[in-house]
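Written below as structure tokens is the structure these notes are about.
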Amino acid sequence: MAPDEGDQAMSLQEEKPAYPSLSTTSSAELLHGAPLNDNERLDILQTAEHAMHRGSPKVDPHIWTNVTSHFSDSSTIDGRQRDILFERLTVRGKGSPFQIQQTILSALLYPLAYPIKRLVKLVGKKESHDGPGTILRGLNGIVCSGELLLVLGRPGSGCSTFLKSLCGYLEGLDVDTASEIQYKGVPFTTMMEKYRGDVVYNQEANHHFPNLTVGQTLEFAAHARAPHNRAGNQRGDQCQWRGKKESQVSLALFSLGGERTEGKAMRTDTVGMNSIAETVLSRASIVAWDNSTRGLDAATAVDFVRALRTSAKLSGSCHALAVYQASETLYNTFDQLILLYEGREIYFGSRERAVPYFESMGWKRPPQQVSADFLTAITNPGERQPQVGMEHAVPRTSLEFEAYWKSSPEHAELQRSMQQYKQKTPLDISEEIKLDEVKRLEQSTHARPSSPYLLSVPMQIRLCIVRAWQRTRNDIPGLVSSAVAQIVVSLIIGSLFYNIPQTTAGLGQRGSVLFLAVLTNALISLLEINTLYSQRLIVEKQAAYAFVRPFTEAIAGVIVDFPVKLFRCALSAIIIYFLANLRREASHFFIYILFQLTAVMTMATMFRTLATVTRTIGQAMSLAGVIIICVAVYTGFTVPQFDMPPWFAWIRWVNPIFYAFEAIVANEFHGRHFECVEYIPSLSFQEGLSFTCSYVGSVPGERYVSGDAYIAGSYDYSYDHVWRNYGILVAFLVFFYVLYFWLTELIPGTTPTHEVLIFRRGDAHPKLSRSDLESGEQPRPLQELKSLAPPAHPSMAEQKDTLSWNGVCYDIPVKGGEKRLLDDVSGWVKPGSLTALMGVSGAGKTTLMNVLARRMTIGVVTGDMLVNGHEPDASFSRKTGYVQQQDLHVETCTIREALRFSAALRQPQSVSTEEKYKFVEEVIQLLGMEDFAEAVIGNPGDGLNTEQRKLLSIGVELAANPQLLIFLDEPTSGLDSRSSWAICKFMRKLADNGQPVLATIHQPSAVLFEQFDRLLFLAKGGKTVYFGDVGHQARTVLEYLEKNGARQCGPTENPAEYMLEVIGGGTQGQSTPIDWVHAWKNSSENTQVLEELDSLVSSPSNAIPADPCKLSEFAMPLAVQFHHVMKRDLQQYYRQPEYILAKFGAGIFCGLFIGFSFWSSDNSSQGFQNVLFSLFLLCTIFSTLVNQIMPKFLSRRALYELRERPAKTYSWTVFILCQILVELPWQTLLGICTWASFYFSVYGDDQSPQRQVLILLFTVQFFLFASTFAQFVIAAVPNLVLGSMMATFTFLLCLLFNGIMQPPSALPRFWIFMNRVSPLTYYVGGISATALHGRPIHCSNRELRVFDPPQGQTCGQYLAEYLKTAQGTLHNPLSSDRCQYCPLRVADQYLAARDISWHDRWRNFGVFSVYIIFNIIGAIGLYYLVRVLPYAMKNRTQKSPT
């Protein structure tokens, strides 16, 4: 708790009298005793808070729920109690039952195929359905307040859809019009519109702001839903104080700390508990929990459900939970139960009567099978077992089960109960009035009565402002890095135009520096898109919870960002303004800042609006690229208004930067006279009107140029437009604000995704075409008994190796010292044994597995880890299989391709490809994946579902045919009990075939636990509690615990839950009088373990083979690795048309837009300048290309470094080379397409083929440089934000110093070297010299310098001496007045001023090629130095002698 928060809390506590402590109050007293008053409950909160600050783990969840539920008078609670009645609930899904994988060819043919497809639909037979079909079919039931409903069913049966439907989360779903859902007399639509916060859905995915601590996250939730006008007329600050206390006790209840909510920085169980606590603090009357116990150990899951049970009884709330793995203890906590089978209801009623109902139907419950598993097994034809003699009497299909249910007495009783309930609580206004009264008591004073939110809009905005400020304050590194980047860019721009002279020599430089200042400040706002997309899911969730409206978060973001933007703008303005020597007048300086700030705010809001209306960040970035080009071209600087093509000239009127730039330029030049430094003619005798200044806006006979005349002649700007433009700019700002706020409320934040299987064209399995799906989920694997048949694997490698570890410790550096995660852990895994690794949450199970697999990249590992008594050799990693918790795969591959890739590169070279692929087919059959082996993996939420991904992860490791050991980290996490059982049986089969297996597991049932031979049990801190045999019915481990003082395990208890309980597991970490770590160290069992370890070392077996191929780090040579990896990468690109088409769309559009904007530039000086600026603008596509390439590289790098490199699948050189080379063909083709789209429109078709080909080569070079540069930058950096910042900064340097914006001769001496090292200098120089060499210049009327000759002389006579050395031409030598002089004769003179020469074109081509080669070498070198060498050194030094 922050100091200011603590002071506030103490001051509030001092106002209250001291009450007797109620910390000893029992749960029974709370449930059945006299009700507590508010003062007593406040005392409980304070006691719980003090216990939390003292580090006490004992915060009773029952006490906590009593206080949070009863912090008001009973009438308020009675009014908030809601029941749920659903009748004839039928829900259909949107979308296709399965999809066909798109490729580049199919995407290109789509415009032709779509009309044909529509025509066939019109004239052909109408399809039976347009979506994946009916998910839920006629469900009926009622859940009363105070009850818990357990939702059971196999994945794909409709459990998630059922929960979503109850809570009104209907994105992607259609509810049948005959369906009825009511909440104690309140209709469904009314409940969703007016009382949405009382009905919430806790989804399995967790989304939180990464820059908030857990405490801040929960405090926001508590404040958003804390009642603000309770009985007793308590003040608003006391309500806020209560919200703070509730959030603090939530931290203690769910064992959460002050760490950030970012998922990567926290364990899975911690993130899940954070979401659970947030949902509890929503104070909803009805909550649906979708597999929310995933990732929690058994004891913690039970504690969580018990807390919900207490909350339901005390507050009258009701909860529906879908649980895939429910222990008997957890099962007995529920009141009601619904069982779904293929979307049909086959039972609804009392939990106690569910098992007897199905037993009376004729089904047999196996011994030791928990009730939930038995009920779920009923819906699986391959698992359920009929009683003897009932084989032909029991129902078989879901239709038969539904018919049996509807004809049963239990269903008739349910119908009677529902009819009685509807008569008692009809759909009338009375219940709505009662609920309105309760809501008004809880709402703030100024909240709209019909609003589902408790806070008024101003209070929501204030709350969001506090949170936005917390996020900003917690992101100090981000703020500092962005400020440093802004300072550096400003310093570069300011020093590039350092001390611009107050003469005509600085006129062009002033325009350039103002253009760059406006453009860079405005385009930094592009990052707003990333910010908005990162918080979109969070804002959508909290709007569904009725915390705050989406537009209030948008307003808060704008308000909190304003001082940051003001600071950045002011900082940038001060640096650029004074370094460049712009107008030194206070009024003009502040006008400059005003327009800069307004332009930045306008562009930021424009990009936020763009992010709101798009569905993916790729779409937003593509459209943003279009906006950037339009903004840059049509400001009036690169293309003056009088040269704008009529078909695009209108763009400037809708371009906010056009108005800002005109005003800033006019502000700088208005009312100023710039002394001329170059005259025409430059003769010693000049008098009258016989000379003029050689700059736009000059007047014959005047020795200065008026600033107003200059901007009028150069840009067609006027000072009269300054404040008109500001009004228009503010109008743009207001318009985008209103549009942005409105769209955040109107448009949903996300498009629902469905786990629909994706197949390559022609590969869809026929069995899947008529599947009954939930959100596109396909029939589950492992559902037939044949999948459990004993496997026959003649090709399985013979296992003879033993992995042992002794005294393993692991320390990591933390602030202020080191933290020990593993402490003196010993054990072994022998061939043919299945070992379980268990422990409380955070005990170090995954850490130990990573240490044993030699996958740790930080910290110090000590102790012995040996294979057959020897140090592991270089082949150790590839000989082990490691199934991680994260299912990481290449999303475009099919299952069969992924398995073949693993087999081809990880099985020994001595095994032929045919044998490897044959083995893959055996793995597919063993895992029961035949029906979807050709399915594309896809991304999470779109493609394989959770179970299929887990099976694939196991299959990938099994396909490698590991010769040593298989590690499985939480292989059953997120799976239903049937799938978990099947996977454990599969591990058992592997062990029976001689394969040593080590697996972590956190929620095993008693039957599942018996599959393991040995157990390694860890306590908090990575300390050993037990290592040894499990025994029949776990008697060996139970006897050990009981003889050391644990209570006796009951005959129906789950041994896994029992063990967690007796050592102090669960959310509260219940204290135990027994020091189990000390007991183990002094036990005879530990002595036996150490003796066995000594024997394994003293009598090593299986000496290391001499064959060097068997000891090599990789199974296959580099050439074979390169072949398979390159083939996969090429396939990936071909199967991602959205990536390739976005790349080509950006390039072709950019080329066409620039081409038509600079259409057929004439031979005037302005025309040649337009040609150069067209190259400058074409370079802006560089940033878009780089930002497309880098995320793709990072995703592939993550897969390689997290899974494929530790497994020694292939070498790092193969990885980096393939990543570089796979881009080059597409970049080459993109360069050709871009050249064709802009070359002829800008340069015409009258140039020689040699010049056309050379410009084509330069264009292709540019795109090759862009891809290799992106990989050079991102190869070593840790994340996309840093990579994008570095790439943008480097590109900006190259762009600024390429000679277009500032000629080399005008650069400050310090920056001259940058012109020479900028790759774009050679690109621009090569193309412009090739395109413009030898072209004559014909000045336009605006560019001609007009003056009168002395009386009695013609223009030719007057300028005869001057023309001998001048570069220009005289148009009318015989005229005696108005001499017309063009300052330049040929384009080469124009280019020479920028140090560009025709003779250097091939040199430029060669130098630019060298930069491409440098990028490739640099990417390889940096990746090795930063990502490979430290990893290799860590692996070499990870093992230390004991």
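All positions are counted from 1 along the displayed chain.
The backbone N, Cα and C atoms fix where each Cβ goes, glycine too.
It is 768-797, from the ranges 228-257, 768-797, that Swiss-Prot records as region 'Disordered'.
Between the transmembrane segment (620-640) and the transmembrane segment (1254-1274), the number of CB pairs under 8 angstroms, six or more residues apart, is fewer than three, so the stretches are not in contact.
Within 8 Å of the Cβ centroid of the ATP site, not counting the listed residues GLY839, VAL840, SER841, GLY842, ALA843, GLY844, LYS845, THR846, the chain contributes ASP297, THR847, LEU1018, LYS1020, GLY1022. Neighbour density for GLY844 (ATP binding site): within 10 A of its CB lie 24 other CB atoms from the protein chains shown. Its Cβ placed at the centre, GLY839 (ATP binding site) has 25 other Cβ atoms within 10 Å.
Taking every recorded stretch in 513-533, 587-607, 1254-1274, 1405-1425 and counting its Cβ pairs under 8 Å to the transmembrane segment (1280-1300), the highest total belongs to 1254-1274. Long-range neighbours of the transmembrane segment (513-533) within the same chain, counting only residues 6 or more positions beyond its ends whose Cβ lies under 8 Å from a Cβ of the stretch, are 486, 489, 493-494, 496-497, 500, 557, 568-569, 572-573, 576, 580, 582, 596, 599-600, 602-604, 606-608, 610-612, 617, 620-621, 624, 628, 631-632, 635, 637-638, 657, 660-661, 664-665, 668, 1281, 1292, 1296, 1301. Across the binding-site residues listed here (SER841, THR846), the residue whose Cβ sits among the most other Cβ atoms within 10 Å is SER841. With the fewest other Cβ atoms inside 10 Å of its Cβ, the least crowded of the binding-site residues VAL840, GLY842, ALA843, LYS845 in this structure is GLY842. Long-range contacts of the transmembrane segment (1405-1425) within its own chain (CB-CB distance under 8 A, at least 6 residues past either end) are made by residues 1212-1213, 1216-1217, 1220, 1254, 1257-1258, 1261, 1264-1265, 1268-1269, 1271-1272, 1275-1276, 1319, 1322-1323, 1326.
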